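Step one of this worksheet: look at the structure below.
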Amino acid sequence: MIIHSSSSNSKKEYTMADDFITTIDSDDEVSNYGEPSALPKIKDDELDPDFQFDLGGGRSEGLDLWGGDEVQGVKKGNEPINVDDIIERKRGKPIRAFKDRKRKRDEDATSEDDLEEDEEEEGDSNDDSDAAKSGDSEEDEMDVDMSEGDGDEEDENEIESLKREDESDEEEEEEEDDYDEEGENEVVDSDSESEEETAAEIARKDAFFSSDPTTTDPTLPSSFTAMNLSRPLLRALTSLQFTAPTPIQARAIPLALLGRDILGSAVTGSGKTAAFMVPILERLCYRDRGKGGAACRVLVLCPTRELAVQCEAVGKALAEKGGLDVRFALLVGGLSLNAQAHTLRTLPDILIATPGRLIDHLTNTPSFTLSALDVLVIDEADRMLEAGFTDELEEIIKACPRSRQTMLFSATMTDSVDELVKLSLDKPIRVFVDPKRNTARGLTQEFVRIRSDDSRSPSLLALCKRTIREKCIIFFRSKALAHQMRIVFGLFGLKAAELHGNLTQEQRLQALNDFKAGTVDYLLATDLASRGLDIKGVETVINYDMPGQLAQYTHRVGRTARAGRKGRSVSLVGEADRKMLKAAIKQAEADQVRHRIIPSEAVTAMKEKLEEFKDDIQEILKEEKEEKLLRQADMEIKKGQNMVEHEAEIFSRPARTWFQSGKEKQASKSAGKDAYVGSFPSTGKSAEKEKEKLKRGKYDGLSRRLKRRKMAIEEDAADAAAARKTEMGIRAAKKNALPKKITEPQPRLEKAGKGKDKKKGKARRVTGGKGSAFDSEGKKSHEGMRAKPAKVNLEKGKKKGGKGKGRK
């Protein structure tokens with residue numbers, strides 16, 4: 001096809017394709033592809049051969065808690081003291097995590113293999129004589145390598161321990177066995193000791209609780225789409241890989257959407273947080289969005305700050321993935337009060353708080369109330385009902401409206417009417433999923449018998465050095481013991497972090513993030529970390545000592561084997577822990593209980609090494625204490641400077657108030673601590689000492705002569721006390737016989753045989769006049785003796801004049 005194009009300059013003919021359409025009388029477009037240009041050439045992007053389409057529709061790898069930006073927004077203070085720096089100075093070597101040590105060993109082994117291959121190639125290319133010489137040199141190099149390996153004792157021991165790791169595991173697996181028949185008989189005997197509910201208690205519970213309609217409903221929802229949830233929320237659940245609801249979610253979510261009060265209980269790691277967060281977000285999708293509709297509608301109470309941070313992360317993940325316009329506010333200690341008060345002025349939809357900080361804002365933050373609250377959720381409700389939280393919880397309940405919906409969740413939820421009646425529930429429904437089981441199915445519980453408390457720490461170190469090398473949480477009874485064991489772990493070359501109440505909020509969150517990221521292998525914690533925390537990848541939980549309550553043991557071992565995964569718990573059991581051991585075995589299945597035996601040689605070796613580090617531990621603790629005192633002094637100096645420079649501003653601020661007095665607050669705190677400490681069993685030594693004190697008499701162990709002498713001394717002392725008592729009685733009688741006041745008359749002594757004066761016992765009534773200076777009793781009696789009124793005749797002896805008398 002030939003197209004003629006006309007222009008003012010010239011005519012040209014172009015051969016074009018059949019489907020080409022042009023404009024008539026258009027200007028010629030001359031393109032010179034071969035001429036260079038001053039502009040840089042833009043290369044077309046090449047296709048990536050490894051490109052793959054995302055068939056998941058924007059799905060993530062699931063809800064991954066911790067390891068993110070939890071530390072951001074925490075109130076920054078002075079830089080905390082890093083104990084690892086002090087330990088590294090003592091050791092002379094840095095403390096590395098297990099994966100870093102393993103990576104270094106793999107790199108060293110790879111470099112050695114490459115070196116050997118190069119030497120073999122050179123040996124093959126040479127002559128026979130040269131090969132012989134090279135063989136001698138190789139032997140010399142091997143000798144040098146061996147000598148160098150002997151120089152670094154730590155690396156050699158680590159390599160040998162890695163080689164023996166499989167062997168030791170096999171030996172320990174052979175030593176693991178079920179408990180004997182005697183232990184099973186003891187467990188059976190404990191069944192008869194357990195208290196049974198009386199008929200009156202059952203009747204009270206039937207009247208207090210409402211029946212659960214989901215227990216008899218065979219058509220429980222097997223997917224989230226069957227729950228009539230909104231599309232944004234379904235999209236969020238799908239993107240977070242929540243494919244099917246767990247049993248607690250399938251039963252609790254439909255009831256929560258109906259606005260019923262719920263008591264939810266299920267095993268640890270079964271998704272209880274999503275069970276109350278999903279219906280909350282669904283209800284907030286249909287809230288009033290008008291100008292006057294903004295209000296704080298949901299309150300989630302948590303016993304610890306870390307659990308509150310985790311609940312906020314779950315709620316924010318669901319809201320962001322679903323594109324929901326829901327705002328959260330985190331009210332916990334350790335964060336800035338002013339920032340939280342500013343957030344509360346914007347009226348966020350969901351408040352996630354700890355009780356103390358919430359009451360602080362209710363008392364001191366202007367215009368903040370809970371009058372518009374629709375839903376109240378108490379996570380780990382059994383802990384919130386214990387001593388230490390009861391007063392604060394009652395104060396929060398008073399601030400909430402009666403028409404609210406209340407949901408309580410815990411793995412060890414109680415159904416005691418006496419405790420739940422404080423929360424003003426409205427016909428609550430018990431949603432207890434598998435109440436006979438409190439531990440996960442994938443959990444294997446192992447118990448190690450400890451003969452004496454002196455072998456407890458060496459047994460723990462032997463266990464960590466031989467078998468359990470990473471992703472392990474170790475629970476301790478006290479904060480001081482957890483800190484001391486962190487120093488011991490550092491001296492043994494084990495990378496550990498601590499988590500307890502003596503740390504700042506920044507240190508606590510940083511420890512959780514480091515443990516999640518694998519920077520540290522062991523998390524040494526108190527019961528602060530036993531409830532609710534969901535840390536992905538925890539393989540083992542070790543109980544350094546058994547807790548005082550079975551519920552606390554359940555929450556401790558529940559940090560592993562979560563969401564259908566496998567896990568194991570190892571508990572060091574002493575003689576004082578036999579009762580708790582029976583209870584733990586009773587609630588577990590027979591195939592989940594194992595008896596682990598740690599070789600005595602390993603425990604003895606660790607005990608000897610621990611004795612060598614005893615002085616180093618004391619020096620590190622002393623150095624840390626001195627550093628803390630220096631920082632405290634600097635802080636006091638800085639505080640004084642601020643008081644001088646900003647005195648007017650500081651004193652102009654309104655004082656923060658509390659709903660309790662100082663004594664009441666301290667009493668509440670002491671009650672919680674006493675309840676926690678009192679639940680632990682007493683050690684064997686202290687119990688024996690108490691028995692000795694009760695049995696030992698005051699004459700036990702004395703000879704016959706000393707016994708008589710002691711008895712005579714006691715008799716003389718008793719006689720002297722009686723004589724002194726008699727003398728004191730005589731002195732008191734003489735003192736009472738004296739007049740009470742100098743100006744008062746002495747009482748008359750009655751003669752024998754005369755009758756008693758009837759008016760003697762009557763007190764004379766004195767009125768008027770001011771009190772005497774000597775009147776200490778304030779009776780206002782007159783001074784001196786007062787005579788009776790009488791007429792005085794001044795003309796004695798004279799005759800009175802009268803009418804007609806005396807006149808002559």
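Glycine residues also receive a Cβ, built from the backbone N, Cα and C atoms like all the rest.
Swiss-Prot lists 27-46 (among others) with the feature region 'Disordered'.
Taken from Swiss-Prot, the feature region 'Disordered' covers 64-223 (among others).
Per Swiss-Prot, compositional bias 'Basic residues' is recorded for 90-104 (among others). The compositional bias 'Basic residues' (90-104): residue composition by secondary structure is 9 helix, 0 strand, 6 coil, according to DSSP.
The feature compositional bias 'Acidic residues' is assigned by Swiss-Prot to 109-129 (among others).
Residues or ranges marked as compositional bias 'Acidic residues' in Swiss-Prot: 137-159 (among others).
Under the heading compositional bias 'Acidic residues', Swiss-Prot lists 167-199 (among others).
Annotation source Swiss-Prot lists compositional bias 'Low complexity' at 208-223.
Taken from Swiss-Prot, the feature motif 'Q motif' applies to 222-250.
What Swiss-Prot records for 253-431 is domain 'Helicase ATP-binding'.
In the shown protein chains, 22 other C-beta atoms lie within 10 A of the C-beta of V267 (ATP binding site). Residues annotated as ATP binding site in Swiss-Prot: A266, V267, T268, G269, S270, G271, K272, T273.
Long-range contacts of the motif 'DEAD box' (379-382) within its own chain (CB-CB distance under 8 A, at least 6 residues past either end) are made by residues 263, 272-273, 276, 300-303, 307, 311, 408-410, 412-414, 531-532, 551. Sequence annotations record features per position, and here Swiss-Prot assigns motif 'DEAD box' to 379-382.
Look at Swiss-Prot and you will find 442-621 tagged as domain 'Helicase C-terminal'.
Among the features that Swiss-Prot reports, coiled coil is placed at 575-645.
The region 'Disordered' annotation in Swiss-Prot covers 661-808 (among others).
Sequence annotations record features per position, and here Swiss-Prot assigns compositional bias 'Basic and acidic residues' to 686-703 (among others).
The feature compositional bias 'Basic and acidic residues' is assigned by Swiss-Prot to 741-755 (among others).
Note on the motif 'DEAD box' (379-382): its mean pLDDT in the predicted model is 93. Apart from A266, V267, T268, G269, S270, G271, K272, T273, the residues listed for ATP, the same chain places the Cβ atoms of T246, I248, A275, A411, R562 within 8 Å of the centroid of those Cβ atoms.
Shown in sequence order, Q310, C311, V314, D379, G532, D534 are the residues of the chain, 6+ apart in sequence, with a C-beta less than 8 angstroms from the C-beta of T273 (ATP binding site). Neighbour counts of Cβ atoms within 10 Å were compared across the binding-site residues T268, S270; the minimum falls on S270. DSSP assigns K272 (ATP binding site) to a helical segment in the three-state reduction.
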